[in-house]
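Engineer: Quick one: the structure is below, and I'll ask about it shortly.
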Amino acid sequence: MNTADSQQLNRLYDLIHGDEDTRACKDIPESACHDQPRNFFAYLTANSLGKIADELASAKLILPWLLGMLGAPAIFAGFLVPIREACVLLPQLMVAALVRNLPVRKGVWLLGAALSALALFGMAITAFYASGAMAGWAIIIALLVFSLARGLCSVSAKDVLGKTISKGKRGVLMGYSASFAGVITLGIGAIIEMLGENKGGNSQLLLASLLALGAVLWVVAYFSFNRIIEQPGATEGGKNALAAAIESFSLLKTDAPFRQYVIARTLFLSTALVPPFYVLVAQSYSEGALSGLGMLIIAGGLASSLSAPIWGKMSDKSSRKVMITAAGLSGLLGILLFAMVEEQSSWLTHPITHAGFFMAITLFHSGIRLGRKVYLVDLSNGENRAMYVALSNTLIGIFMLLAGGVGLLADIWSVQSVILLLSVIAIIGALWTWRLPEVSLTKN
């Protein structure tokens, strides 16, 4: 970077932060201070592009729509979310300690980005050339690679951020990243909505192009992240989270409130598993057009934007009640959709109806997700929090992979029957959560 470019970058950095101590280094090495503006924008660019690429290969939306369009059996759709979630978690549990032993960790992120790009290119090729069960297997294998790669990015990103960007600047960075990615994703949804009006047409080519675009974004993110200047850091203190989880397994027997929480969180997996089946229902009514997919992307983006202000304050008052409310509404929503499909309601011929359902289920799942995170923090303390998180994440990852087989029931029964089953489980989860002790109102 030449001097003129560096000066422009510094001025933009000062403009964004706009405070007197914008160059202050509160908790990063003095040697990293000079590079903070450069690192800020490199991280911002890479993180934003990664978020957009993730939306272009969403396991809850894009991939189930693609599988439905390619005629893959529904069991493959059932495994999309479990693989995406659980296989992102595994590297964090198993290799976090190894990453901690590396003085410079951005290489781990770069490896994850490169593998992510390759995986999405593989999905794009599959979308264009494959169909049926072969397409299902190819997408699942590519998603497995993609999820493991995203796990590598996740386990290293926070360390790199903590070493290169000072405290007080990180929230701004993440906020800009989320906002930028959200706006671009909504724009992509609007473009798909406009391009997808023609029934049939080039729907397959358009979806393949979306996935290829996601791969290109990961390539650009790779080069952007590689511009970060990371100083060598401490390598001591690494601990294998998976080993910690195994060591703390006895908590399930001795800690009743934690055990009840794990059971509730397991039941709430139903709300994480159900969105792809909502998408399959929407896709079945699309008659080959992608306009409905564009609406779903917009609806999902709006729901994600609304979820934090809606559920955040409620969780501070009672995260338990947030989980009960969101899970109960999720269950009732699924029962309503089941009834409408069974009655062949004319409302389902309108894409806006499916967008409304998808927006609602995304909103309710976000409430459960936020509520259970806040509940676990309030339930635990400094001594047992790490054990709680490691053990619950390990168990949920295992249960989620096992639950992926629910898609087989969609092939045996129907997609709407799986939605009904998962919705009933969500209601059971809401009823079970009444048993949990109230912690948010009693903790200081």
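Each Cβ is built from the backbone N, Cα and C atoms, and glycine gets one as well.
TrEMBL does not curate its annotations; it predicts them automatically.
Feature table excerpt (TrEMBL):
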- 62-83: transmembrane segment (TRANSMEM)
- 108-129: transmembrane segment (TRANSMEM)
- 135-153: transmembrane segment (TRANSMEM)
- 173-192: transmembrane segment (TRANSMEM)
- 204-225: transmembrane segment (TRANSMEM)
- 262-282: transmembrane segment (TRANSMEM)
- 288-310: transmembrane segment (TRANSMEM)
- 322-341: transmembrane segment (TRANSMEM)
- 347-365: transmembrane segment (TRANSMEM)
- 386-409: transmembrane segment (TRANSMEM)
- 415-434: transmembrane segment (TRANSMEM)
Engineer: Three or more CB pairs closer than 8 Å, sequence separation of 6 or more: does that hold for the transmembrane segment (347-365) against the transmembrane segment (322-341)?
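Structural biologist: Contact between the transmembrane segment (347-365) and the transmembrane segment (322-341): present.
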Engineer: Where else in the chain does the transmembrane segment (415-434) make close Cβ contacts, counting only residues six or more beyond its ends and a cut-off under 8 Å?
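Structural biologist: Same-chain contacts beyond the ends: 74, 78, 260, 263-264, 267-268, 270-271, 273-274, 277-278, 280-281, 284, 320, 323-325, 327-328, 330-335, 337-338, 341-342, 406-407, 409.
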Engineer: So what's near the transmembrane segment (386-409) in sequence-distant terms, Cβ-Cβ under 8 Å and 6+ beyond its ends?
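Structural biologist: Sequence-distant neighbours of the transmembrane segment (386-409): 73-79, 81-83, 85-86, 89-90, 93, 241-242, 244-249, 251-252, 258, 261-262, 265-266, 269, 272-273, 376, 379-380, 417-418, 421-422.
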